[in-house]
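*Asks:* What TrEMBL shows for this protein is this:
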ACT_SITE  ASP98  active site
ACT_SITE  ASP289  active site
COMPBIAS  412-427  compositional bias 'Low complexity'
COMPBIAS  434-492  compositional bias 'Low complexity'
DOMAIN    80-406  domain 'Peptidase A1'
REGION    412-496  region 'Disordered'
SIGNAL    1-19  signal peptide
Amino acid sequence: MVSLTVFVLLFTPALCSVAEPIHLPLTRRSGRVRTAQDHFAAADRARARFNFPTASSNLKRIRRDATNFVVTDQEGDASYFSTVSIGTPPQTFNVILDTGSSDLFVLDSTCSQCSNAPLFDSSKSSTFTQQQTTKPTIISYGSGSVEGFIGTDTVTMGSFTVPSQTFLTVEALDQGLIEGSVSGLIGLAFQGLAETASPPFWQALATGNKLSTPEMAFQLLRSQSADDQPGGTFTLGGTNSSLFTGSIEFHDLVNASPPTFWQVQLQAVTVQGNSVSISTGNAAISAIDTGTTAIGGPTDDVKAIYAAIPNSAPVNQRGGQGFFQFPCSTNINVTLSFGGQAWPISSQDMNLGPVEQGSSMCAGAIFDLTLGSNAGGGGPSWVIGDTFLKNVYSVFRQNPMAVGFAQLASPGAPAGTDGGATSARLPGSPPLPSGSGSSALPKSSSGKISTELTSPSSFSLSTFSDPLLPTSVDPSSPSTSADPSTTPNSSSKLHATTVSGPLSVLVALVSIFVAVL
């Protein structure tokens, strides 16, 4: 038995050094039922973020290099959030999950405009280090900005911790950027977009080999309610086979030297069953962005899409420049392809509602992102937001860098339910069920020990006790990305005592050793 003990001690560290994936419940936040006018404003914020001219301004701005793009604006948008804890002892906050930006920021206790949300108090953390004390850092968004000072502290999400993660403590912000119980935002894109010049949380985990599989994954739920609702599942460190069927179709990132956005190339579009001619090359580069509600594209491509929809026309209402309308009774059938399968978008998601109260014309969810300016130039010309993402299981892989899509396990789930194709953003309300699983392509080595309504990390889905994944940040360290795995929609799909992954390997090796003895 002495030999067996030595054997176990030798092999256990190597097998257990990588943490199991976590499956975090998402909450969908929206202060009220959104109107078409809300979507018009959100589209302008998306244009500003990707440095295109806005409908509210006649100024033509010069397109900046992708590495200098400003980050996502969440103002007025429904959004998806989960929780992270910061400091020692930990302080817990709801933060929006955004694959279109790379910085982590949290509202600071010195912020006089931030009375409605929990605030970070650095004086109560024994591990906080102030990195900046004189000139504040400003992070710009489409319709405003946040201002504060850079610091480092221990950040934890679920079972993942980064002991010295860089983030911004926000002391001032424009009204409406952060609302309700949400205290910040965690960027899930690459270091090349970070205003703090430091690796984002997930990338620090991936670089430090803390993820069993370098993937993140989303299942987003659909709802029309104005209240915070369960919004889906976010998995970090793998995927969850309970949430999708078939294989994951991966597409390599384009213009990824260095990587910035999660961007791939849109290859084909169909409308009402007919192919629509779209731009190619750089003009087809698409950012896959959980922080954007709708879908934006180049002017000519968007016009071609609506030309295939009977009785459609440009929106004439104020603020609606770049949007199109169609009879509300029309079912719009659109598919997007990135070089493989054609992925359908629910007709429900394509309809943003009446362009004005009492109108029989509804606004479409695909809008003109560029407003006639030149598309291309290395940065994204399309932004693919939640209108599409709620209809697929999406996977963001760090190595090799790619974005993947798979069919949801429960397609066509009705609004307000936790199955199938759904969208919305989760900001800090009830969580969804969790579980573990593996993708059909890069198999996750995650263990499958789970219980009803409990994530693999034993965080309650009903209380959002699972914090976002943290990592230490070294400004000089290279950027990387990680893949999270999602939790299943239904607890019936969880296996209460099944064991796999590193633990199963250890058990097998011990069994063999005992047999030899």
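Note that Cβ sites are derived from N, Cα and C of the backbone, with glycine treated the same way.
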*Asks:* So of ASP98, ASP289, which of the active-site residues has the fewest other Cβ atoms within 10 Å around its own Cβ?
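*Replies:* It is ASP98 that, of the active-site residues ASP98, ASP289, has the fewest other Cβ atoms within 10 Å.
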*Asks:* What is the interatomic distance between the Cα atoms of ASP289 (active site) and ASP98 (active site), given in whole Å?
*Replies:* 7
*Asks:* For the domain 'Peptidase A1' (80-406), report the average pLDDT of the model, please.
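*Replies:* PLDDT averaged over the stretch: 92.
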*Asks:* Helix, strand or coil by DSSP: which one applies to ASP98 (active site)?
*Replies:* strand
